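Colleague: Just dropping this structure here.
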Amino acid sequence: CTVMISTYNADSKKIRHYPANSCLLPLCSLYGLAVTTVEGVGSTTTKLHPIQQRLAKCHGSQCGFCTPGMVMSMYSLLRNHPEPSMEQITAALDGNLCRCTGYRPIIDSFSAFSPVRMCSGLCKPEEFHPRDPTQDYIFPPELMKLLGIWYPVLLHPVRIPELHVVTMGENGIVIGAATHLAQLRDILLSLVPELPAEKTKIYRTLLKQLRTLAGEQIRSLASLGGHIVSRGSVWDLNPVLAAGNAVLNLASIDGTRQIPLNDEFLTKVPEADLSPMEVIVSVFIPFSKEDEFISAFRQAERRKNALSVTNSSMKVLFQPGTDVIEDLAIFYGGISDTTVSARNSCLKLKGRNWNDQFLDEACRLILEEVVVSPSAPGGKVEYRRSLLVSFFFRFYLEVLHSLKMMYPFQYPDLPKEYMSALSEFQEKPPQGMQIYQVSGDVNPHQLPQDPVGRPIMHESGIKHTTGEAVYVDDIAPADGQLYMAVVTSTRAHAKILSIDTSNALEEPGVVAVVMACDIPGENGDADEKVFAEDEVIYIGDIICGIVAETYECARNARSKVKIEYQDLELILTIEEAIEHNSFLSKEKKIEKGNVEDAFETVDKILEGEIHVGGQEHFYLETNSIFVIPRKEDKQMDLYVSTQDASNAQELVASVLDVPANRITCHTRRVGGAFGGKGLKTSYFVAAAAVAAHKTGCPVRFILERDDDMRITGGRHPLWGKYKVGFMTDGKIKAVDLEFYVNGGCTLDESELVIEYVLLKCPNAYDIQNFRCRGRACKTNLHSNTSLRGFGFAQAGLSAETWIAAVADYLYLPHDEVREMNMYKNVTETPYKEEIDPTNLVVCWEECLEKSDYYKRRQAAEEFNKQNYWKKKGIAIIPMKFSVGYNETFYHQAFALVHIYLDGSVLVSHGGCEMGQGLYTKMLQVASHELKIPLSYIHNYERTTATIPNAIVTSGSIGTEVNGKAVQNACQILRKRLEPIMEKNPDGKWENWIKEAYEGSISLTATGYFKGYPTNMDWEKGEGHAFPYFVFAAACSEVEIDCLTGDHEVKKGNFPAFLFLQIEGGFIQGLGLYTMEELKFSPEGELYTLGPDTYKIPAVCDVPEHFRVYLLPNSRNPIAIYSSRGMGEAGVFLGSSVFFAIRDAVAAARKERGLNRNFTLNSPLNVERIRMVCADRFTEMIPWAIFLKHLPVFTVGLVESVCQV
């Protein structure tokens, strides 16, 4: 929703452009301003802006839902800085999120505007159009005239000059309260170089915090006065202003006065606060003094655009020329409901010398005075307490270092190993490289117009960048359209005693309430209901829908529905489900060799467990449905953002009790799905269809983000237990595994997920005696479902965990144990499917070579010897990914190809375009098979009217199976045309088509692909479960901050088979394993309901060096054109970051004399990293003392319990 706002300053005669979230802008605030949307930047009907062209050509768009926002952020930057630096470009994207691309191609495309171009190789800069300044909209002159008109009732802070004042006095500067934070940053950036350094310490500290505070859109709207007066606990500037003795200038009808911005103001002590009629006019920020030092710190789940877990600012003033404390101020945020001060501690420490004895006493006093409640929102109590003293220790060292710089002969040098505590991670623009083999390198006889094997721009790429791509909610309103919002359960498990909708129906604009009794057919299916009837089984269970003339009316009326419940027994966790024998499916098992006998012959046996947390899909487009009933024959059109149009059609037909041929489902494109818009979406469609059936009107049902996250499930949390037997050289002889996943309240895809966990849990390791068992648990949480790489993402991490346990126990390098136990020769998997691991070995060796693994490991070890508070880690992980499904019919596909008399071609197939480029690839297939240019071919939307009974688009096979069907149809057509072509070989395509038509040759063909022959016999635990395997290896290097748990991915190298979406998958995996965390209340309510509480990776999380290598001269004889399904496999490659962090943690623990054998759970976030790097400061926290002395291999579990 990013737009560009332009405003004219009559005093300076300058125009300012800035990005803003349109959803945060009151309409009245735009008076006199110009608003530019993506449609105003460029379009296909006028002229593309270079931003749009470059983003599309550099493959910076996949699903396209986030793309207009990216364009507008960059456009706003260019209007102010025509040649921005790479730092400015990445900062401009702070407030933008993308779930598909992994960000690297977006940064690549925008780097074309920077003097430092960072092209990775997939785009051709020579084809870029130069920027044309005449294409940019000018500020409308008529708006300048409005500035001289007086409107007595127009009140808004941006209109009041006194609120925008910027003046410098003898003792400091005065900043108007309405100054936007982005303006404050620019003011300070221009001011700091002009003043003596000793005067600008507080200003530089503010700039440090402003770099990571929110995104550019928020910084451009939020004001300094609003930031101060709202006094949020985690606001990053308030502690700095309080420590720096800022003063607030107030005004009211009674006059003006000043109050200090101190701890009493921040805690809203009445005597120190504003009166009800006062406003903040401006803020006085004093200059710093020569013997004064101030600094600020923050730690968040994500380095940028994320609220702090804890923040702090500290200031010390020494008696001139000494280290005797004259004044001390310490403020913390994120501890309570507002910023708190360690005032008493500071008073006790005045007059003390700045030395080690002072440090110990200060830490003790701070921990005694600043209390974090055990029930603090967001949890992480022990972690927050550790940050209190970790931040103070860093401040202590910074001041010591500064004293040494000021008085070099008065103070000793800091110990060398402590110097690493001074530095914080500095963001660097990520650099990428993609090395691949184009088809021309393989087949020199390929025609230039043949697009197969060549990097083709996404067929909707331009429309994504111009905002012309139509998603469900972009469809124009239909006559009589109504809107629906749903009422969901507030109890996780309860009987419904009564539902009273009378008050809701009385609300103006409400047309109807729909519930289970309004369904003419079946209420869902055997697994799940459309509307809850007698019982609710999770918080978010849909009970009824409010249908109204506007969405706002429908949403507001939800609170008028009164529901009485009777609570029932609650099961939320895997442990509780096991205790109550609550499961969704029977136990599945795979066994190879004789595990028990093998355990008798090994040198050592280790047992342990691993917990892998869930993950939200976080597609940018939430579930979106638009249902239009037709006027006859009970027909209905469904416009749905779904992966499974056929399933939606089938369920709606059943619910409405009509034949499926009366229901037509349409899907043009999906704004991201990742497995989350399959089965569950069909129930949403059915609910909207019931509303349309009852009212006879079109119904639009667009879920808001919090509803989408509350109602739909994501990746299954997993609890895995392992028992592994091995020899002293590291060779593993026997493995016994037991898995449980939290399936939630209904079956959904849980049985398939646990099957995939078992089939894929060995990863790339050839274990001769192997056994695994697993079950899906039934709990009262939302139903978890498939999510990119489902099953394998969790099971693969488990495999690497027991490999790491063996290596740690034997004090062997992890890569050595991995390589020793990898598949090497043609053999069988535990379920007796043949595997040829030749390319696995090649990928492994290539990764070792191209990443300079051994050289970088040696460098990391040397770095770790010299740095106590920073540690580097490196890990290399192999991957064997099984593509597809273990049922043949799940691979079948259909296509319909028409050739029109003008020679144009229309392609229909059963695949849904979700950003993976499926439509683009189908065009490539048709072009190749018909031997005509791409420009002749058009993709029709996915609709059940042309392609019935198609299988869900998922599992990384959508391209190849639908491609096979399109190929089949095109080959049929080409064969029909061959006699005509042979008669007239020099003819044109259009002439051949006309002649074929006149010869009564059909120009329409149906294509069909039966599917890959796969099967799995779970009674025997064997079968040919998958069509083929994809192999890869990933190497990542990280650096961690042992004081805070912060970490930075330095490098990532990934030799693999197929580029596709490797980078996007990797970044999504990085989120799964290191950042994204779902949190529930003890009653089963999901706390993490949006981007403010649930953090996915952003631009700041992309590795500094991100390189992908595609293995040349590799063949896949099974799939079309030797393609391979890599859309999901890339997720697991993100685990290389997890194990690189683990390697760095191990280095820290070793140096501290802690147990080398430990287990870490996923996500391995900043809290877990910090707390497992135990040191003198965590020992001050009672729980951390207990954590340090835990038995071997149970650290992760207790940390998880601590989280709960």
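Even glycines carry a Cβ here, placed using N, Cα and C.
Okay, so TrEMBL annotates it like this:
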type: BINDING; residues: C1, C23; note: [2Fe-2S] cluster 1 binding site
type: BINDING; residues: C63, C66, C98, C100; note: [2Fe-2S] cluster 2 binding site
type: DOMAIN; residues: 151-290; note: domain 'FAD-binding PCMH-type'
type: BINDING; residues: D236, R298; note: FAD binding site
type: BINDING; residues: Q643, F674, R788, G955; note: Mo-molybdopterin binding site
type: BINDING; residues: F790; note: substrate binding site
type: ACT_SITE; residues: E1128; note: active site, proton acceptor
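Please situate the listed features within the shown structure.
Modeller: Applying an 8 A CB threshold to same-chain residues 6+ apart, the list for C1 ([2Fe-2S] cluster 1 binding site) reads N21, S22, C23, G69.
Close to C100 ([2Fe-2S] cluster 2 binding site) in the fold, though at least 6 residues off in sequence, lie Q62, C63, C66, G672, G915, Q1061, G1064, each with a CB less than 8 Å from its CB.
Around R788 (Mo-molybdopterin binding site), a 10 Å sphere centred on its CB holds 29 further CB atoms from the protein chains shown.
Other Cβ atoms within 10 Å of the Cβ of F790 (substrate binding site), summed over all protein chains shown, number 29.
Contacts of E1128 (active site, proton acceptor) defined by a Cβ separation under 8 A and a same-chain sequence distance of 6+ are given as R788, G789, F790, F792, F881, G955, S956, G1065, in order along the sequence.
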Colleague: Please give me the binding-site residues out of C98, D236, R298 that lie within 10 Å of F674 (Mo-molybdopterin binding site), comparing Cα atoms only.
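Modeller: Passing the 10 Å Cα cut: none.
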Colleague: Within the chain of R298 (FAD binding site), which residues six or more apart in sequence place their C-beta under 8 angstroms from its C-beta?
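Modeller: Sequence-distant Cβ neighbours: Q209, T212, D236, S308, T310, N311, S312.
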Colleague: By a simple count of other Cβ atoms within 10 Å, which of C63, C66, the binding-site residues in the record, is least packed?
Modeller: C66
Colleague: Could you give the number of helix, strand and coil residues in the domain 'FAD-binding PCMH-type' (151-290) as assigned by DSSP?
Modeller: 61 helix, 30 strand, 49 coil
Colleague: Measure from the CA atom of Q643 (Mo-molybdopterin binding site) to the CA atom of C98 ([2Fe-2S] cluster 2 binding site) and give the result in Å, rounded to a whole number.
Modeller: 19
Colleague: Inside 8 A of the center formed by the CB atoms of C63, C66, C98, C100, which other residues of the chain have their CB, for the recorded [2Fe-2S] cluster 2 site?
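Modeller: Going along the sequence, the neighbours come out as S61, Q62, G64, F65, T67, R99, T101, L620, G671, G672, G915.
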Colleague: Mind giving me a neighbour count for C98 ([2Fe-2S] cluster 2 binding site)? Other Cβ atoms within 10 Å of its Cβ, every protein chain shown.
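Modeller: Result for C98 ([2Fe-2S] cluster 2 binding site): 28 other Cβ atoms within 10 Å.
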Colleague: Determine the Cβ neighbour count for F674 (Mo-molybdopterin binding site): the number of other Cβ atoms within 10 Å of its Cβ.
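Modeller: So the number of other Cβ atoms within 10 Å of F674 (Mo-molybdopterin binding site) is 31.
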Colleague: Given the Mo-molybdopterin binding site residues Q643, F674, R788, G955 in the record, what is the largest Cα to Cα distance, rounded to whole Å?
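Modeller: Site span for Mo-molybdopterin, by Cα atoms: 13 Å.
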Colleague: In the predicted model, what is the mean pLDDT computed over the domain 'FAD-binding PCMH-type' (151-290)?
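Modeller: It averages 93.
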Colleague: Compute the mean position of the Cβ atoms of Q643, F674, R788, G955, which form the recorded Mo-molybdopterin site, and then list in sequence order the other residues of that chain whose Cβ is within 8 Å of it.
Modeller: A673, G675, G676, G678, S786, L787, F790, M914, T953, S954, S956, G1127, E1128
Colleague: Taking 10 A as the limit, how many CB atoms besides its own sit near the CB of Q643 (Mo-molybdopterin binding site)?
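Modeller: A count of 26.
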Colleague: Can you tell which of C23, D236, G955 has the least company, meaning the fewest other C-beta atoms within 10 angstroms of its C-beta, among these binding-site residues?
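Modeller: Across C23, D236, G955, these binding-site residues, the one with fewest Cβ atoms within 10 Å is C23.
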